[in-house]
């Protein structure tokens with residue numbers, strides 16, 4: 001693609017990482033390009049690492065646009081601890097069994113029970129591509145749709161799952177992403193060793209959409225002095241608004257709740273009281289004499305889905321929910337049960353945290369060749 005005129009040391013001939021994040025729509029398209037596979041058969045491996053120094057909740061698909069053929073093998077990895085440890089998000093290969101000893105699968109085959117499974121897909125790894133077939137995706141919305149319905153109409157169902165399932169929240173949360181390019185497109189079963197300059201990686205655009213993780217205690221997230229940070233409300237503080245301010249420990253900190261629709265529950269930190277803070281005993285749920293045992297409080301046994309705790313003895317549930325801790329959805333009128341099962345009610349809400357599109361200014365990008 002460079003017509004043998006690529007030179008990383010010369011500005012006019014260089015294709016540095018910054019070109020993956022510049023303004024799109026130019027003609028010709030700008031792109032990052034790796035070195036060629038001149039050391040074959042030694043693998044041509046490159047890591048592209050995106051670091052935010054902040055917990056980010058993904059809200060839309062991750063999309064990579066390749067100018068070269070899409071890689072025959074690659075892995076998308078995530079970190080929740082600022083790059084100290086990494087776990088796979090998804091594997092990509094022309095042959096999943098051969099590359100990663102995994103059966104191929106698409107996101108469309110996932111269910112609510114298997115949503116957290118790490119899969120290998122062959123959908124985005126076909127060698128040399130057509131003009132409109134250049135992208136590699138990690139499907140966020142398709143996974144959201146497993147709870148919210150195919151058109152994401154029943155967001156209340158998704159919010160309820162995110163409110164009560166930490167593993168699900170963590171699945172869509174990252175501090176860092178890493179793209180591991182393992183084998184470039186060859187377009188054939190054999191590598192042409194007489195023309196190794198034709199094998200390389202080239203990416204014109206990397207798109208990651210999300211919002212700062214603020215535990216629903218902030219309306220905005222700002223980029224200040226090179227760092228992203230939540231503008232915490234509700235008497236909370238910390239990088240993710242994950243603790244109460246000093247003198248506001250009248251009850252234990254709790255994240256905000258999306259429910260009940262449409263306003264949610266703020267779970268505001270309240271001023272400290274003179275006496276000790278009583279914490280709930282989880283065993284109280286199994287005690288028959290609930291007049292003496294705590295069924296709920298504002299610490300360990302918080303009423304869910306917008307319910308409120310009454311005298312530590314019972315939860316007053318919001319309309320549409322029931323159960324000891326308001327953990328069960330309740331059908332209220334004719335047709336509503338069928339609607340809930342089909343995911344059709346058009347329940348939408350404005351997210352408490354405004355969506356944030358992460359652009360070049362918000363990214364720290366590191367490209368580390370492993371060869």
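Every residue, even glycine, has its Cβ placed from backbone N, Cα and C.
Here is what TrEMBL records for this protein:
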- 1-211: domain 'Laminin N-terminal' (DOMAIN)
- 292-327: domain 'EGF-like' (DOMAIN)
- 317-326: disulfide bond (DISULFID)
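Remark: residue 317 (disulfide bond) has 303, 305, 306, 307, 323, 326, 330 as non-local neighbours, by Cβ distance under 8 Å and separation of at least 6 in sequence. Mean model confidence of the domain 'Laminin N-terminal' (1-211) amounts to 90 (pLDDT, 0 to 100 scale).
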